[in-house]
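According to TrEMBL, the feature active site maps to 9, 70, 143. Annotated Mg(2+) 1 binding site per TrEMBL: 9, 143, in sequence order. Summarising the annotation, TrEMBL assigns Mg(2+) 2 binding site to 70.
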């Protein structure tokens, strides 16, 4: 049975939210993806309220089993990291109110899980997300792709979809991570027979 994960790429101006279903064989299917926005011209409390309503709507409509949020790191732009932390707190509260299990993942964890490489750039992450989900295009903007990557990462890293998954550190003899194996299969055209799905506009 597939497990549903909701990923959140927190941000005060743009907050990516992606929902995927991941089967026991780790096949991931896109359910929904959106980017919530709030204007910098609004008071902080109104921005948080606006984004919280969007997050609530996504949680209540899709009823995920798990929520994955990108872990906040200190940046040179204190204002940006503060906004990210604030909306992360809102998301944590909303998930807790619904009894949902929440896990925080670092950017490097997400990159390693999705591409097999912790230093992958956004373009590589976006491309792999599209391949894994069988999409005909990379989700835009990057916040959308990042949110989906978080959801996939959570299911793959924690084994939420069934079983446990090896980490890149635990692999021996040059074995491929699930992400690397998926990438290789995609490169061979293993999914060529599937009809690519288009993102909702």
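Note: Cβ is positioned from N, Cα and C throughout, glycine not excepted.
Note that TrEMBL annotation is computational and uncurated.
Owing to the predicted nature of the structure, the values given are computational and were not obtained by experimental measurement.
The structure, with features from TrEMBL marked on it.
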residue : record                : Cβ within 10 Å
9       : active site           : 26
70      : active site           : 24
143     : Mg(2+) 1 binding site : 24
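Between residue 143 (Mg(2+) 1 binding site) and residue 70 (active site), the C-alpha separation comes to 11 Å. Cα of residue 9 (active site) to Cα of residue 70 (active site): a distance of 6 Å.
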